[in-house]
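Before any comments, here is the structure.
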Amino acid sequence: MTSRGVHLLLRLLFLLAVFYSSDSSLMCYHCLLPSPNCSTVTNCTPNHDACLTAVSGPRVYRQCWRYEDCNFEFISNRLEENSLKYNCCRKDLCNGPEDDGTALTGRTVLLVAPLLAAARNLCL
């Protein structure tokens, strides 16, 4: 690897570190009406540090949530549902329909694309 290539790679890594900070807001699916078909994505506020999926019969709720409030009593009271199953998770878009872990998030693309471009430039 040439000196020029090393400098380019270091600059790219620095830019990635600047743009990819761990304190950036979490992204979750959010549905105004309880529905299994939800494609609306929202950036959570700083005090909402988890994504919630709650299912009560045919109704499916997806939204930003506080992880410390992720318990049956709080969720059922807030959603006014007596019977439900719920899951709270802390990764971007982890509350999507049938999450199989293969979705690429914007942050993943931000990390991978510049590295692939740098590797391509170094090989040419």
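Every residue gets a Cβ built from N, Cα and C, even glycine.
Summarising the annotation, Swiss-Prot assigns disulfide bond to Cys28-Cys51 (among others) and lists similarity to another entry as the type of evidence. DSSP assigns Cys51 (disulfide bond) to a strand in the three-state reduction.
Annotation for Cys31 (disulfide bond): spatial neighbours Cys38, Thr40, Val60, Tyr61, Arg62, Gln63, criterion Cβ-Cβ under 8 Å with sequence separation of six or more. Annotation source Swiss-Prot lists disulfide bond at Cys31-Cys38 (among others).
Feature annotation from Swiss-Prot assigns disulfide bond to Cys44-Cys64 (among others). Taking the Cβ of Cys64 (disulfide bond) as reference, residues of its chain lying under 8 Å away and at least six apart in sequence are, in sequence order, Leu26, Cys28, His30, Thr42, Cys44, Thr45, His48, Ala50, Cys51, Leu52. In this structure, Cys64 (disulfide bond) is part of a beta strand by DSSP.
Under the heading disulfide bond, Swiss-Prot lists Cys70-Cys88 (among others), citing similarity to another entry as support. Shown in sequence order, Ala50, Cys51, Leu52, Trp65, Tyr67, Cys70 are the residues of the chain, 6+ apart in sequence, with a C-beta less than 8 angstroms from the C-beta of Cys88 (disulfide bond). When secondary structure is read from DSSP and collapsed to three states, Cys88 (disulfide bond) falls in the strand class.
What Swiss-Prot lists as disulfide bond is Cys89-Cys94 (among others), and the listing cites similarity to another entry. Neighbours of Cys89 (disulfide bond), defined as other CB atoms within 10 A of its CB across all chains, total 18.
Feature annotation from Swiss-Prot assigns domain 'UPAR/Ly6' to 25-101.
Just so you know, the Cβ of Asn37 (N-linked glycosylation site) picks up 7 other Cβ atoms within 10 Å once every protein chain is counted. Residues or ranges marked as N-linked glycosylation site in Swiss-Prot (evidence: sequence analysis): Asn37.
For Gly101, the entry in Swiss-Prot reads GPI-anchor amidated glycine, with the evidence type similarity to another entry.
As annotated by Swiss-Prot, signal peptide applies to 1-24.
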Where Asn37 (N-linked glycosylation site) and Cys94 (disulfide bond) are concerned, what is their Cα separation in Å, rounded?
15
Can you check how the pLDDT averages out over the domain 'UPAR/Ly6' (25-101)?
93
